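Among the features that TrEMBL reports, DNA-binding region is placed at 85-128. According to TrEMBL, the feature compositional bias 'Acidic residues' maps to 344-361. Residues or ranges marked as domain 'Homeobox' by TrEMBL: 83-127. What TrEMBL lists as domain 'TLC' is 130-331. Per TrEMBL, the feature region 'Disordered' maps to 342-366. The feature transmembrane segment is assigned by TrEMBL to 38-55, 139-159, 179-198, 259-279, 299-323.
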């Protein structure tokens with residue numbers, strides 16, 4: 001265990017060439033970053049989970065009723081022990097062959113078994129109230145984190161000139177405000193990761209997991225290596241748009257479509273500017289290029305920049321989803337729901353429902369077409385009969401003259 005610890009904390013991994021851990025201990029200032037400080041993030045994460053539980057029930061849920069959030073009425077399923085056992089133990093979406101087998105076991109029709117599974121899946125889907133409460137919690141945290149982070153950074157020299165991030169590096173004392181900014185952000189992302197099994201699974205679930213892990217590794221490594229100045233800028237850039245997205249979701253669940261659309265447009269503009277312009281041109285450029293003016297590359301340099309590039313890859317993916325929505329809004333005249341993270345990850349269910357709706361539309365159209373064809377046939381036959389009658393009457397009128 002001791003050998004593993006010595007290998008893990010080799011100064012060549014964490015610090016630039018020529019810098020030792022002893023040099024950081026001689027650093028002036030009231031606080032210097034220590035790896036053991038990161039242990040505070042775990043109790044903070046548990047505290048965030050308990051605070052979230054109280055907030056969602058005491059604040060967010062009553063607020064959802066004030067704003068008019070309505071939950072869809074879900075049809076209850078008839079008791080079917082064989083179907084319930086298959087649903088819980090095997091699969092929520094059985095194949096056609098499995099449905100045929102279940103039909104023989106339950107004495108139900110093929111259509112009834114499909115309907116039972118669809119209604120059962122709908123019962124497990126999160127309600128609008130649950131989604132509103134989750135979005136409200138994230139909105140409050142991101143808004144407070146962005147406001148506090150901006151207040152603590154706006155008067156710092158590295159906020160305006162990113163070269164200041166490396167002046168005197170790594171012998172840079174940590175201010176108390178930035179220490180707590182780090183610990184609270186790290187604790188919050190740990191709470192998101194611990195609650196991932198009970199939170200709503202969305203369309204970009206895997207990307208969100210990668211994002212949480214990359215953020216936790218990024219915050220932890222940057223704190224131990226005293227990349228705190230650049231780390232605070234990374235957190236501020238991310239928090240600047242996240243609270244706008246969560247507010248748009250809240251109004252979407254409440255049915256305030258115009259407010260939701262307006263907030264989403266503002267979010268899209270802020271997201272595209274901060275994640276595709278500011279983040280690569282200021283943050284990544286600072287860590288990749290400007291840092292080389294102070295020290296030579298080392299392992300921590302490559303690891304830190306690799307995590308930043310992972311985040312930038314996710315930014316590009318989410319920007320693609322947002323731009324696709326903007327395209328639909330401009331050329332189709334409607335703004336669909338947020339494709340970035342607001343759609344639950346059950347595409348098969350949605351596709352099946354869409355197919356059923358299309359089939360119903362086609363069947364109703366066929367019925368209308370049959371009725372329309374019959375009426376057209378009657379109309380055409382009556383027109384033919386009228387023409388024949390008129391021709392016969394004209395012939396009868398001309399017959400006496402001819403005689």
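Each residue, glycine too, has its Cβ placed from N, Cα and C.
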Inset, instruction - Mind tallying the domain 'Homeobox' (83-127) by DSSP state, helix then strand then coil? - result: 33 helix, 0 strand, 12 coil
Legend entry - For the domain 'TLC' (130-331), mean pLDDT (0 to 100): 89
Legend entry - Intrachain neighbours beyond the transmembrane segment (139-159), with Cβ under 8 angstroms and 6 or more residues off its ends: 55, 165, 175, 177-178, 181, 184-185, 188, 229-230, 232-233, 235-236, 239-240, 242-243, 246-247, 250
